[in-house]
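What TrEMBL says about this protein:
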BINDING   92, 93, 94, 95, 96, 97, 98, 99, 100, 101, 102  ATP binding site
DOMAIN    63-151  domain 'GHMP kinase N-terminal'
DOMAIN    214-289  domain 'GHMP kinase C-terminal'
Ligand code: HSE
């Protein structure tokens, strides 16, 4: 039985443009790390957080990592277990890349490893969703499910929860750019209309079905033309500097598709190869620089592993 473990969990691109709250995929980088050690005293303690500029709570009931670990221990009937947690943020907070999700998933994977893998990764999705609820007020699964399972994931239903791993073309690559402007998920959710027109819903579910079919059949053209969002993007794109200019640049340079990652402000393009993705991130960062916005970029194929033990 292990006494300590160090875990990495990946960032994720949720929504994948047309699949608000139902589609997401994991990337290899960035991601977060959790170091968890057993302690003699029962209870969950967060002893250290790095890389968050003091923004995240150390209170175990308020921090998504410790709260999820507490829920996990309660569920398996071991509230007597004591652990000490260090969270190392290796990715920006409020970026639309599933930052809270990566931390929560790293914590859950760590405690599950210390407890001899009593639950499968899929069984941990509801615990990670509770963490999202704490972080942004709503327990959506389109970040946590791909972070836990790796790959491309469809959340077919929330009640009851039905999470399905999808195939995807091997060469698919994501070009991600994070403009350094703050867009908290909670705010980005509040600004969306809660009612939609039937004609818009028809377009949206046609596109979700088209995207899933394209993933199954390796049809890049179908993937590209299906990644259109008539429900959420028109509102949220307002918060992202030069969003439509960046789309035009990415598409001109050979992207299959372009859109908002999760609730933004990160944007992403899908490409058929890494070289095109790298060129696109450079061009998008140049565009942002021209309007005095700093940015970070990441290029990654779809992550197949989900969380991993580092040490
Ligand atoms: N589906 C969620 C949203 C993802 O768009 O609000 C948050 O990253």
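Using the three backbone atoms N, Cα and C, a Cβ is placed for every residue, glycine included.
Automatic prediction, not curation, is the source of TrEMBL annotations.
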For the binding-site residues 92, 94, 96, 98, the one whose C-beta sees the most other C-beta atoms within 10 angstroms: 98
Fewest other Cβ within 10 angstroms of its own Cβ, chosen from the binding-site residues 100, 102: 100
Neighbours of 92, 93, 94, 95, 96, 97, 98, 99, 100, 101, 102 excl. site residues, C-beta within 8 Å of centre, ATP: 11, 91, 262
Averaged pLDDT, computed only over the residues in the domain 'GHMP kinase C-terminal' (214-289): 97
Residue distribution over DSSP helix, strand and coil in the domain 'GHMP kinase C-terminal' (214-289): 44 helix, 9 strand, 23 coil
The domain 'GHMP kinase N-terminal' (63-151): DSSP-derived helix, strand, coil residue counts: 49 helix, 7 strand, 33 coil
